[in-house]
Amino acid sequence: MKTIIALSYIFCLVFAQDLPGNDNSTATLCLGHHAVPNGTLVKTITNDQIEVTNATELVQSSSTGKICDNPHRILDGINCTLIDALLGDPHCDGFQNEKWDLFVERSKAFSNCYPYDVPDYASLRSLVASSGTLEFINEGFNWTGVTQNGGSSACKRGPDNGFFSRLNWLYKSGSTYPVQNVTMPNNDNSDKLYIWGVHHPSTDKEQTDLYVQASGKVTVSTKRSQQTVIPNVGSRPWVRGLSSRVSIYWTIVKPGDILVINSNGNLIAPRGYYKMRTGKSSIMRSDAPIGTCSSECITPNGSIPNDKPFQNVNKITYGACPKYVKQNTLKLATGMRNVPEKQTRGIFGAIAGFIENGWEGMIDGWYGFRHQNSEGTGQAADLKSTQAAIDQINGKLNRVIEKTNEKFHQIEKEFSEVEGRIQDLEKYVEDTKIDLWSYNAELLVALENQHTIDLTDSEMNKLFEKTRRQLRENAEDMGNGCFKIYHKCDNACIGSIRNGTYDHDVYRDEALNNRFQIKGVELKSGYKDWILWISFAISCFLLCVVLLGFIMWACQKGNIRCNICI
């Protein structure tokens, strides 16, 4: 009995060597693409969530926490507002003739001189900020019959009463205040900015004590404009021990124009002019510290990198900055569609192509080949198709940045209370712009992602078709991204297929012969290997059972004697 069972087993092993799957005269070549265990979800035009092997975040959502001092020239206002520095508040004297790209105003800034207001504060602030300089030129105005350089205890300069250094407070000399009528031409090639003011006493007595006349008037004009201001005498809330005020005005004199000042009292006269420069300097309110670093883009929260096309840190920016959007995240696909590799390929270790899943561990390329032949198995990347895909994807991020980065600044808008409706309209317009940009950004990224996925799929298909054209009738498409090669194909042969030097005519006769032989015994089902192995195992089992049954029957009849020795 032992002999018969042993012979049956040997017979099965011998028979097994003739199964098609173990024939050394064939090989399997699969084409596939890179895959990762955990991909990144992105949005496309046709799919809200599709997994890709790699993606780049396009929204900058955090700042450095500090304002970088390079490459922009930052001027820290510290305790001074720009207007206080412009007027010459005593505690802002250190800002005289300073220059900046960005003037940073702090929340702790305060005025420490005569109480004042600026009827068009926002326009003056913006005008001076964009000029980027406090360069001041003194001029010799001829004020006759009046006392100059008035001061106040509310504006101490050291131990003495003082006033704004860029303004000249005129008041009566003796008991007279003659009418002042002075002119100052602009013979330069640039605009001149003159700052002047009107004093509003708190009482009629203060008015006559300073200017003699019960009511003064100030008129400042050029060829293009004229401003007339009549002082409003009356008490106001007390500030630094005073209930009177100074209103600040400004006039721009163009080259070739002339400044004319006429007044019979209450004039706060200019001492000279500020040079106006054209540029892209600006001002920003921020409490972020200024640090030693480099960043093109600055927000009130601090500097941010501008290597992304979008940001949601702050709407207010300066420099070359990403476009502000509402989204916290927008991911740009920089890899292909991700189909994680199946961890088990059956008990016989079969390989599969891109139709079934991707391949993990392809670190040297996105597309490649796996093969199974008489020399074993192997894998290699296809660098040409990989590079073709990478070249087209690499430029995407730069193109999106070029489309969206602002090469100018977005300043905060300020309006006085009487301009409330304008402010509401401005806010509505800004919000609408942000909504529109946010929608455009999402659409742009979805379109780019769709193109990337279609592109990488196309490169995979191109490589597959290229391989099919090389093999022709020497191989059969197995339907899963693999080819069954009907001739002996060693590693050198596989290499020739990969590099495009394969000559199908060399192997044509062998392939045709093997194809006809194998086709005679192969099943057409996609599960033919399984069916063959299962039927083979059942046949061997039944053969053993039949032989064992025959032996048992023969023993019972006495035809065979079985001795068991212990």
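All residue numbers here begin at 1 and follow the chain in the order shown.
Here the Cβ of each residue, glycine as well, is placed from N, Cα and C on the backbone.
Since this is a predicted model, take the numbers as computed values, not measurements.
The annotation disulfide bond is assigned in Swiss-Prot to CYS68-CYS293, CYS80-CYS92, CYS113-CYS155, CYS297-CYS321, CYS489-CYS493 on the grounds of sequence analysis. Residues annotated as N-linked glycosylation site in Swiss-Prot: ASN24, ASN38, ASN54, ASN79, ASN142, ASN181, ASN301, ASN499. Residues or ranges marked as S-palmitoyl cysteine by Swiss-Prot: CYS555, CYS562, CYS565. Taken from Swiss-Prot, the feature signal peptide covers 1-16. Here Swiss-Prot flags 17-530 as topological domain 'Extracellular', drawing on sequence analysis. For 531-551, the entry in Swiss-Prot reads transmembrane segment, with the evidence type sequence analysis.
Sequence-distant contacts of CYS92 (disulfide bond), defined as residues of its own chain at least six apart whose C-beta falls under 8 angstroms from its C-beta, comprise ASN79, CYS80, ASP84, ALA85. Distance noted between the C-alpha atoms of ASN499 (N-linked glycosylation site) and ASN142 (N-linked glycosylation site) is 91 Å. Around ASN54 (N-linked glycosylation site), a 10 Å sphere centred on its CB holds 18 further CB atoms from the protein chains shown. Rounded to a whole number, the distance between the Cα atoms of ASN301 (N-linked glycosylation site) and CYS293 (disulfide bond) is 15 Å. The two recorded residues CYS555 (S-palmitoyl cysteine) and ASN38 (N-linked glycosylation site) have their Cα atoms spaced 64 Å from each other. Taking CA atoms as the reference points, ASN142 (N-linked glycosylation site) and CYS493 (disulfide bond) are 101 Å apart.
CYS297 (disulfide bond) sits 49 Å from ASN181 (N-linked glycosylation site), counting Cα to Cα. Counting in whole angstrom, CYS155 (disulfide bond) lies 28 from ASN181 (N-linked glycosylation site) by their C-alpha atoms.
Annotation for the glycosylation sites ASN38, ASN181, ASN301, ASN499: lowest Cβ count within 10 Å of the residue's own Cβ, ASN38.
Looking only at the recorded positions ASN38, CYS68, CYS113, CYS493, the one with its C-alpha closest to ASN181 (N-linked glycosylation site) is CYS113. Among the recorded positions ASN54, CYS321, CYS489, the residue whose Cα lies closest in space to that of CYS68 (disulfide bond) is CYS321. A Cα-Cα distance of 33 Å separates CYS493 (disulfide bond) from ASN54 (N-linked glycosylation site). For the recorded site, ASN181 (N-linked glycosylation site), the DSSP three-state label reads strand.
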